[in-house]
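According to Swiss-Prot, the protein has these features:
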{"type": "DISULFID", "residues": "Cys31-Cys81", "note": "disulfide bond"}
{"type": "DISULFID", "residues": "Cys35-Cys57", "note": "disulfide bond"}
{"type": "DISULFID", "residues": "Cys43-Cys64", "note": "disulfide bond"}
{"type": "DISULFID", "residues": "Cys47-Cys66", "note": "disulfide bond"}
{"type": "DOMAIN", "residues": "21-82", "note": "domain 'LCN-type CS-alpha/beta'"}
{"type": "MOD_RES", "residues": "Pro83", "note": "proline amide"}
{"type": "SIGNAL", "residues": "1-19", "note": "signal peptide"}
Amino acid sequence: MNDFVFLVVACLLTAGTEGKKDGYPVEGDNCAFVCFGYDNAYCDKLCKDKKADSGYCYWVHILCYCYGLPDKEPTKTNGRCKPGKK
């Protein structure tokens, strides 16, 4: 009985919550957003427009990186960028 009550409480606490993730936001073609000139303001705005908490230009890859993206927002995977394929 105690296990059942614990399970119900755990389900109620997690119901309706949306997780957040960090990563490189992409379009449908698995191409990340390039930030020429290391433009942190551009990346921060791009990330916030995608409902992330914040973002910056990761200078090593010259790509925008976001913190706190919604789970439904696509992020870069190991596959190659395929421009034009959405």
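Glycine is no exception: its Cβ is also placed from the backbone N, Cα and C atoms.
Overlay of Swiss-Prot annotations on the structure.
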| residue | record | DSSP (3 states) |
| --- | --- | --- |
| Cys31 | disulfide bond | coil |
| Cys43 | disulfide bond | helix |
| Cys57 | disulfide bond | strand |
| Cys64 | disulfide bond | strand |
| Cys81 | disulfide bond | coil |
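The number of other Cβ atoms within 10 Å of the Cβ belonging to Cys64 (disulfide bond), over all protein chains shown, comes to 26. The average pLDDT for the domain 'LCN-type CS-alpha/beta' (21-82) in the predicted structure is 95.
Per Cα geometry, Cys35 is the residue among the disulfide-bonded residues Cys31, Cys35, Cys81 nearest to Cys47 (disulfide bond).
Taking the Cβ of Cys43 (disulfide bond) as reference, residues of its chain lying under 8 Å away and at least six apart in sequence are, in sequence order, Phe33, Cys35, Gly55, Tyr56, Cys57, Cys64, Tyr65, Cys66. Within its own chain, Pro83 (proline amide) has Asp29, Cys31 as residues 6 or more apart in sequence whose C-beta sits under 8 angstroms from its own. All chains included, 18 other C-beta atoms sit within 10 angstroms of the C-beta of Cys31 (disulfide bond). Long-range neighbours of Cys81 (disulfide bond) (same chain, six or more residues apart, CB within less than 8 Å of its CB): Asp29, Asn30, Cys31, Ala32. The most densely surrounded of the disulfide-bonded residues Cys35, Cys57, Cys66, judged by C-beta neighbours within 10 angstroms, is Cys66.
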